[in-house]
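Report on one structure; see the data block that follows.
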Amino acid sequence: MAAKLWTFLLGFGLSWVWPASAHRKLLVLLLDGFRSDYISEDALASLPGFREIVNRGVKVDYLTPDFPSLSYPNYYTLMTGRHCEVHQMIGNYMWDPRTNKSFDIGVNRDSLMPLWWNGSEPLWITLMKARRKVYMYYWPGCEVEILGVRPTYCLEYKTVPTDINFANAVSDALDSLKSGRADLAAIYHERIDVEGHHYGPSSPQRKDALRAVDTVLKYMIQWIQDRGLQQDLNVILFSDHGMTDIFWMDKVIELSNYISLDDLQQVKDRGPVVSLWPVPGKHSEIYHKLRTVEHMTVYEKESIPNRFYYKKGKFVSPLTLVADEGWFIAESREMLPFWMNSTGKREGWQRGWHGYDNELMDMRGIFLAIGPDFKSNFRAAPIRSVDVYNIMCHVAGITPLPNNGSWSRVVCMLKGQTSSAPPTPLNSCALVLILLLYFV
């Protein structure tokens, strides 16, 4: 009954009901690791593709990701409008002690199990259930059967897509939307994130990756015109999180210096957020030893701050470690996640990372939109990753499922909307009546 009531109240208390618009086609671009200041006013001067989208569309000040500010949790938050503790995708690495199964950033076979994905229904599954057609390119999870459904087409992620892969995906997506083979096309591109990790968020390599994306966007605008899609297609671009500098030389917290690793049943992830499962009888000892460690905070599950919307997740560990910005947690220096490169030397050290407190400035992402349903040359106030789902549902013309997003934060972006206030919710009498009918 409690779960049923939560689902009901989520729908009526945390999201608003409005009539779906007459749907147009929708192209969604997820640009991983794209920090909000990468397209500051100064940066836009040398980014003609992004500049044209901003001048002809909507740009929010920044997008605050869900906690933890990692990829998989926010992939699902963006596509469900729900916090991590609701949709259950709480990390890039997860462990289920009941089944002894692991989710390891989507690369191991067990990551494809419905166990991890069926906690909520993402937009592409809702559209498929409504007999819409969905084409997805390199999108993490598009290869998974979720709630018994798969997208119309999935070009599965195998390795980091190249700039040519990205350009080809955009071109093919536009062809699919034009021909009627697709109603929604969604493309994932990772190179900005990869270069930010390897070389740092301010590095020339990361800036080169951004310029390559900008070139594709410039072509995309022309391709939309060439296909006559200007009045039939909305395009939404967003990122999952930002990126900050890390310094492995002097900002690493080695757990082996404070506890015996033999006292841990399981450790998941390294970096800003690390999950620990102590062996039976060792929880209190490990907790008290780690409480004194500087530059990080150790939380027992029930004491995780409510503002993270994290602790109710069923895969959350008994102990969660959260590092201060720029610090990195690992079992030892030997276990740091070096990246493979041609030298095999210290150039393999990572220079950038994310996953920290989601309210930190460097964790902020982007949101841009352009098309017939969006205002032109409009700057919007900051939004949160849970808000993106509602705007996608609206322009796709489908009623959103119950979610944690705020309609009032996004309605201002739409043409013909003069007020930022959400539609009027059901009055209290009607709500009581529905509750009686629903639960009696």
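Note that Cβ sites are derived from N, Cα and C of the backbone, with glycine treated the same way.
All chains included, 26 other C-beta atoms sit within 10 angstroms of the C-beta of SER71 (active site, nucleophile). Residues or ranges marked as active site, nucleophile by Swiss-Prot: SER71.
For ASP32, SER71, ASP240, HIS241, the entry in Swiss-Prot reads Zn(2+) 1 binding site, with the evidence type experimental evidence. ASP240 (Zn(2+) 1 binding site): 28 other CB atoms within 10 A of its CB, across all protein chains. DSSP assigns ASP240 (Zn(2+) 1 binding site) to coil in the three-state reduction, placing it in neither a helix nor a strand.
Annotation comment: Swiss-Prot describes ASP32, SER71, ASN92, ASP193, HIS241, HIS354 as substrate binding site. Listed in sequence order, the residues of the same chain lying 6 or more apart from HIS241 (Zn(2+) 1 binding site) and placing their CB within less than 8 Å of its CB are GLY33, PRO65, SER69, LEU70, SER71, ASN74, HIS354, GLY355, ASN358, MET363, GLY365.
Taken from Swiss-Prot, the feature Zn(2+) 2 binding site covers ASP193, HIS197, HIS354. Within the same chain, residues at least 6 positions away in sequence whose Cβ sits under 8 Å from that of HIS197 (Zn(2+) 2 binding site) are GLY33, MET243, TRP339, GLN350, ARG351, GLY352, TRP353. According to its DSSP assignment, HIS197 (Zn(2+) 2 binding site) is helical.
Residue environment of CYS154 (disulfide bond) contains 19 other Cβ atoms, counted within 10 Å of its Cβ in all protein chains. Annotation source Swiss-Prot lists disulfide bond at CYS142-CYS154.
Taken from Swiss-Prot, the feature N-linked glycosylation site covers ASN100 (among others), and the record attributes it to experimental evidence. Cβ environment of ASN100 (N-linked glycosylation site): no same-chain residue six or more positions apart lies under 8 Å away.
On its own chain, ASN118 (N-linked glycosylation site) has ILE146, LEU147 as residues at least 6 apart in sequence with a Cβ closer than 8 Å to its own Cβ. The annotation N-linked glycosylation site is assigned in Swiss-Prot to ASN118 (among others).
For ASN341 (among others), the entry in Swiss-Prot reads N-linked glycosylation site.
The DSSP secondary structure for ASN404 (N-linked glycosylation site) is coil. Positions annotated as N-linked glycosylation site by Swiss-Prot: ASN404 (among others).
Summarising the annotation, Swiss-Prot assigns GPI-anchor amidated serine to SER419.
According to Swiss-Prot, the feature phosphoserine maps to SER71, an assignment based on similarity to another entry. In the three-state DSSP reading, SER71 (active site, nucleophile) counts as helix.
If you look up Swiss-Prot, you'll see 1-22 marked as signal peptide, on the strength of similarity to another entry.
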Give the residue from the recorded positions ASN92, ASN404 that has the most other Cβ atoms within 10 Å of its Cβ, counting over every protein chain displayed.
ASN404
Write down the Cα-Cα distance for ASP240 (Zn(2+) 1 binding site) and ASN404 (N-linked glycosylation site), rounded and given in Å.
17
Round to a whole number and give the Cα-to-Cα distance in Å for the pair ASP32 (Zn(2+) 1 binding site) and CYS142 (disulfide bond).
16
